[in-house]
Amino acid sequence: MDKNKLFFIETWGCQMNAEDSEKLAGMLKEMKYEATDNREDADLIIFNTCCVRENAELKVYGNLGTLKKLKDKKPNLIITVCGCMMQQRDMAEHIKKRFPFVDIVMGTHNTQMFPQYLKKVENERTSVVEIWDKEEGIVEGMPIYRSYDMKAFVTIMYGCNNFCTYCIVPYVRGRERSRKPEDIENEIKELVKKGYKEITLLGQNVNSYGKSLDEEMNFALLLRRLNNIEGLLRIRFMTSHPKDLTDDVIAAIADCDKVCEHIHLPVQSGSTTILNKMNRNYTREDYINLVNKIKSGIKNVAITTDIIVGFPGETEEDFEDTLSLVKEVEYDSAFTFLYSIREGTPAAKYENQIPDEVKHKRFNKLLEAVNLISEKKNKEYEGKIVEILVEGKSKNDGSKLMGRTRTGKLVNFEGLESSIGKLINVKITKAQAFSLVGEEV
């Protein structure tokens with residue numbers, strides 16, 4: 001009997017990309033391919049790319065360059081490049097010109113076509129370059145090979161309508177399209193039947209959910225509906241745009257026992273001047289008022305964020321506004337980024353681009369403040385008993401288990417492997433900068 005062919009997928013970028021890779025893997029499983037962790041062994045290599053920052057693109061170029069030798073050694077190796085980076089104007093042609101050994105290039109709107117492209121390459125030994133300019137309707141029921149066996153990503157909507165001036169996402173992911181609530185509910189019910197305990201609802205802006213549907217539906221109503229699914233233990237979600245986070249959503253999080261008390265609420269800047277230039281549609285004051293509303297409405301809530309340093313025209317005063325906002329809000333954690341020029345976005349043409357050395361100086365100052373606050377917030381957990389969903393063995397210490405609190409804190413602790421996949425209580429004995437240490441009680 002012929003040995004099954006092996007595939008290897010490398011994914012850059014956000015959780016949406018991670019779920020797209022799970023769908024690619026699901027289609028390949030149906031084509032009798034098996035997954036491998038080793039590029040050298042693979043008959044098919046897929047790079048699922050990101051273009052939110054230049055650094056992500058440089059990683060793709062570097063990794064593609066290393067595949068040339070492998071392709072020379074294994075002429076039948078099929079190399080595929082897909083995802084957001086490919087959806088950019090002229091990028092597919094650039095990739096084929098620079099890396100002619102790539103066999104399949106496709107974008108974000110035609111993932112479901114991948115089996116056909118692969119068969120064409122296998123049968124005809126030709127290459128396929130297929131980028132769809134416009135998003136089609138949502139394709140339901142695609143096979144999916146999940147990365148975990150107790151927690152799963154479930155996309156509730158695709159695309160983005162916000163057009164922040166620094167961001168490439170609306171250009172490569174298309175306009176907002178919401179899935180029908182019954183399709184989302186049925187997918188989660190099937191996952192629960194298979195033993196899944198935690199679901200993370202995904203969307204570029206989950207608070208816009210339902211706007212493209214014919215029926216009366218919004219994100220708050222969806223949370224309440226999904227909270228009734230029997231056997232599901234936890235519901236998480238990301239990402240929330242501050243301008244669309246309503247009182248109804250705050251109330252739903254507070255009321256629904258399965259919805260975790262954690263909101264990822266990207267602020268991007270603490271300066272109203274910069275927020276206007278970014279087209280974020282809220283002011284510093286709006287954001288702080290929203291945070292106060294969240295904190296008073298949801299007990300023990302954790303708030304995390306994204307911050308961009310060095311946006312064009314950012315003055316020292318603008319940066320200090322960001323720093324003071326971080327100290328006022330006291331985020332549980334923050335993803336901090338240096339502004340990266342993205343061709344095709346309005347901000348790429350803005351004057352007063354900030355010199356790299358100034359960006360780095362501000363970035364380091366911000367990071368120091370963020371980390372100090374994270375550690376302080378973690379220390380508040382010392383001595384407390386918290387509910388953990390046990391996810392598996394600790395990545396740093398195989399003799400320990402790891403899991404997360406409802407607020408998303410990573411906890412390492414000694415325990416029995418039979419606890420994996422269960423909710424247990426753990427007493428926090430020590431707080432570290434990025435994680436907690438505990439013992440089962």
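Note that Cβ sites are derived from N, Cα and C of the backbone, with glycine treated the same way.
Per Swiss-Prot, the features are as follows:
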DOMAIN    5-123  domain 'MTTase N-terminal'
BINDING   CYS14, CYS50, CYS84  [4Fe-4S] cluster 1 binding site
DOMAIN    146-376  domain 'Radical SAM core'
BINDING   CYS160, CYS164, CYS167  [4Fe-4S] cluster 2 binding site
DOMAIN    379-441  domain 'TRAM'
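Cβ neighbour counts within 10 Å, taken over all protein chains shown, single out CYS84 as the most crowded of the binding-site residues CYS14, CYS84, CYS160, CYS164, CYS167. All protein chains shown were included, and the count of other CB atoms within 10 Å of the CB of CYS50 ([4Fe-4S] cluster 1 binding site) stands at 22. Taking the centre of the Cβ atoms of CYS160, CYS164, CYS167 as the [4Fe-4S] cluster 2 site, the nearby residues of that chain (Cβ within 8 Å, site residues left out) are ASN162, PHE163, TYR166, ILE168, VAL169, PRO170, GLN204. Note on the domain 'TRAM' (379-441): mean pLDDT across this stretch is 93. Those same-chain residues not listed among CYS14, CYS50, CYS84 yet with C-beta within 8 angstroms of the centroid of the [4Fe-4S] cluster 1 site C-beta atoms are TRP12, GLY13, MET16, ASN17, THR49, CYS51, VAL52, ALA56, GLY83, MET85, VAL169, VAL172. Considering only the binding-site residues CYS160, CYS164, CYS167, CYS50 ([4Fe-4S] cluster 1 binding site) has CYS167 as its nearest partner by CA-CA distance.
Taking CA atoms as the reference points, CYS14 ([4Fe-4S] cluster 1 binding site) and CYS164 ([4Fe-4S] cluster 2 binding site) are 17 Å apart. Look at the domain 'MTTase N-terminal' (5-123): DSSP puts its residues at 64 helix, 23 strand, 32 coil. Following the DSSP three-state reduction, the secondary structure of CYS160 ([4Fe-4S] cluster 2 binding site) is coil. With respect to their backbone Cα atoms, CYS160 ([4Fe-4S] cluster 2 binding site) and CYS84 ([4Fe-4S] cluster 1 binding site) stand 13 Å from each other.
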